[in-house]
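The domain 'ABC transmembrane type-1' annotation in TrEMBL covers A:96-285. For A:30-51, A:98-124, A:144-171, A:213-242, A:262-284, the entry in TrEMBL reads transmembrane segment.
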Amino acid sequence: MNDSLISTPGAVADGTWPRFTRAVLGHRGLALGAAIVTLLLLAALLAPWLAPHDPYLQNTANRMVLPVWHEAGSWEHPLGTDRLGRDYLSRLIYGTRISLFIGLVAALISGLIGSTLGVLAGYFGGRVDAVISYLLTTRLAMPVVLVALAMASLIGGSLITVTLLLGLLLWDRFAVVARSATLQLRDAEYVQAARALGCPLHHILLREVLPNIAAALIVVATLEVANAILLEATLSFLGMGVQPPLPSWGLMIAEGKSYMFFQPWVIAIPGSALFVLVLAINLLGDGLRDISAPGGRNE
Amino acid sequence: MMLATEPTQVPSAGGEQPCALELRALSKSFTLGSGLLRKGRKLHAVSEVSLRVPRGQVMGLVGESGCGKSTLAKMLLGLTSPTAGEVLVDGRPIAGANQKALARHIQPIFQDPYSSLNPRQRIAQIVGLPLRVHGIGSPKEQAARVAEMLDLVGLPGRAARQYPGQLSGGQRQRVAIARALIMRPALVICDEPTSALDVSVQAQILNLLLDLKEAFGLTYLFISHDLAVVEHLADRLAVMYLGRIVEEGSREQIFGAPRHPYTRALLASALTPEPGLGVPDIGLGCGQPDPSAPPSGCAFHPRCPLAEANCERHRPSLNDAEGGGRVACHLA
Amino acid sequence: MSEPAMPLLTVNKLRVDLPVDAGTLHAVRGIDFHVERGEMLCLVGESGCGKSMTSLALMGLLPRRARVTAESLRFDGMELLGLTERARSDLRGARMAMIFQEPMTALNPAYTLGNQLCEALRRHRRVSRGEARERAVYLLERVGISAAAERMDQYPHQLSGGLRQRVMIAMALMCEPDLIIADEPTTALDVTIQAQILRLLRDLQREFGTAVIFITHDLGVVARIADRVAVMYAGEVIETASAEALFAAPSHPYTQGLLNCIPAPGKTPPGSRLQAIPGVVPSLVGAVEGCAFRNRCPLAEAACETPPPQTRIAAGHVARCHFATRLADPSRQPQPKVMS
């Protein structure tokens, strides 16, 4: 029976949206991250209307046109064209689709796998936990990039392969977080009360446990989206990821690398885009973690 | 509202009405610190507890932390299965019964109203959950029963749409009581229902529990460490120490003439608001028992001011005492 | 140096404000009290009444975002307000010590008891290792720990809750402080252990002549150990009296309500309805007008919308209520309105 005045209930735990919105806007990093991610999501969705040119249209007469800030540049191709004369801005915008698609779908798949395993391990404990923990250790012992490279070279890289591979490889953090969060909730009195009522297992796991660990999982998810986007770029850069002519940012960097000493913008542009997206997602994730932590963030 | 299994035999002798709750030599042990390669130690959380709770009565269960009272409550609720012994509800063993059937007879009210309600659900969802799980009534009827129940426990109608975070501790405990009683169970396990509340709110909740007991003819197993509260509420009392009942009897017997030295020490250490009395010397020494390595013989002997050589060697059994009740002490 | 007649600690108009989402939480709203040398003052109240905030403010341990203001906080003739953090921390441990509710979190699990006890002394006094150790063993024995010399090399997790709280008491006494603030030190303990710890604290406090501010919600504890009592409600001290006077003639409706709502053996018939205090504590976010208790008070009238005066009942007995004089006199008890 302490004075419980210092700890105001967490914004999200309260379940009221105005509070949540206020918390988001009150957190500078979170607001900035959310704004950039929203903009890029819009760019991805509206790509056909935003892109000035067809990203696949080659024009050998217009190869390596300089971006608009160079003297030779023009507004016809604001970010110039690549070595096949394709409009760089259009490819960049369409590239957002690839990055976000892979990031979101891979995180979704790994989130489903990891959360399920983690919740089961945490809730049942004992032998179930031992088996799942063994799986987890095995997974942690595998170097993601090497395994992904090997698998991709075996199956052949493509958008779907990369997405599935990353989805199947990145579930470890979800499992760790879901397991420890569930472990804490397992003995919560409301879970006990639901068990005493004879609630079916799926009700207890989906209705009593999951909503209360969701905040932690969403934070992991944002970080895994960023992780997957970077890994996709890595794999594409190494030639084992998304295959040409798809406009992946990693692929754009790879295609531009032979020009980078004379035309550094060729890799600077997709590189910056990648940097901004990953930074924004990480800001979003960190911010969400701050505002969902009990007792609010530290100032 | 019958348990799944049929009564095996009528408990106790002579056509007596079955008790609302009967425990027969109930035991629970856990294995501590076991790993893949090593064998852990055994912790006997509850040992051979036998207890009868007559219908319509309040049985107080008193003891300090680690005495096994919470494990006992979990076994009664079907949350963990006993290692030995059995639990009978209305004369029928619960061992083969499914959880749903049991749930209609026994419901819990937990200690901490901050952790006993799911923070992500509205009050109406929380209180209506038992009806939904058991498929009682149409959604409309369920809503009506939830509203009626909230009214019965003294919550305003608007509480139905709120989340637990928007309610005070006392209000949350009312919600927990509404959830426990909405299916009209005969037996309620109250596990320290007021110890997390402020004293001014505690009285409100105790009054409510007493009113509801009258209204529905409930039987309570009331677990607490607060002797003043137990004395106020309970008809009978059982005192536990390190997993065993050391004394059991009516309220008058326990508070009027306690026979076990541990019961006496507990009563002496209850501080009533009477200035000038000072803090009593209860003479127990400063050792606290370790439940995983209980002392030999009478588990209380290292702290007992009256202990004799015999107490160290032989464990006293819980025998009927003169003048009613039972006590487990060589010297009683 | 100060005159002997002067109180050890005088608190004048202490306020603690905390910024929260919805505005400013006025956790402590201008309280006055004093502590005499060598006395046991109980600060009693329910959760959220500001009692812990008060103790943390006195120790200078509040989080940085909390704003502490006061007319004066005088400790042994020295003004605490405006002291540097360095000076405050020199004072802590040396002349003011604190005992927390949960000894496991207050003791550092990585160091032995001996280490922590000796460090408490050596940080503030120039003593040799041997002298510090000698005093630590002596105090461990004094707080009733057997085989004290061996215990010195143990770690906190090797002790039971009751023993840890004994160690905390020994640690608080290492530098012979003038004032110990004990914040619910027995709430986490079992009743039998609580009685032992309270007895120990009371005995040592008398022997060493240390003043103690004992913070609790338990009126049973207050009755048994307090010299004087300050009852807090909603960030204010609403009644101050000696322990005898408070329990004999409680003069604030809240104090009376608190005393009436605990079942008292022999007074309240078993199974009868208890006199509960209806309603809940008001929110302390934003301004509180008039008497903070009036929404729960059986005697509330229009007058209660103005701030209640400090009414002197007897020497050393003050209550903050418009009806305090009437309440103090049992023959003139006002009749409460019938409550549902």
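Count begins at 1; order follows the chain as displayed.
Positions of Cβ are set from backbone N, Cα and C atoms, glycine also.
Between the transmembrane segment (A:30-51) and the transmembrane segment (A:213-242) there are fewer than 3 Cβ pairs closer than 8 Å, counting only pairs 6 or more residues apart in sequence, which means the two stretches are not in contact. Listed as Cβ neighbours of the transmembrane segment (A:144-171) (distance under 8 Å, sequence separation of 6 or more from its ends, same chain) are residues 98, 101-102, 105-111, 113-114, 117, 224, 227-228, 231-232, 234-236, 238-243, 246.
Long-range contacts of the transmembrane segment (A:262-284) within the same chain: residues 29-30, 32-37, 40, 64, 66-67, 79-80, 82, 88, 92, 95-96, 99-100, 103, 222-223, 225-226, 229-230, 233, 249-250, 252-253, 255-256, each at least 6 residues beyond the stretch ends and with a Cβ under 8 Å from a Cβ of the stretch. If you look at the transmembrane segment (A:98-124), the same-chain residues 6 or more away from its ends with a CB under 8 A from one of its CBs are 40-41, 44, 132-133, 135-136, 159, 162-164, 166-183, 185-186, 204-205, 209-210, 213, 217, 220-221, 224-226, 228-229, 232-233, 242, 246-249, 274, 277, 281.
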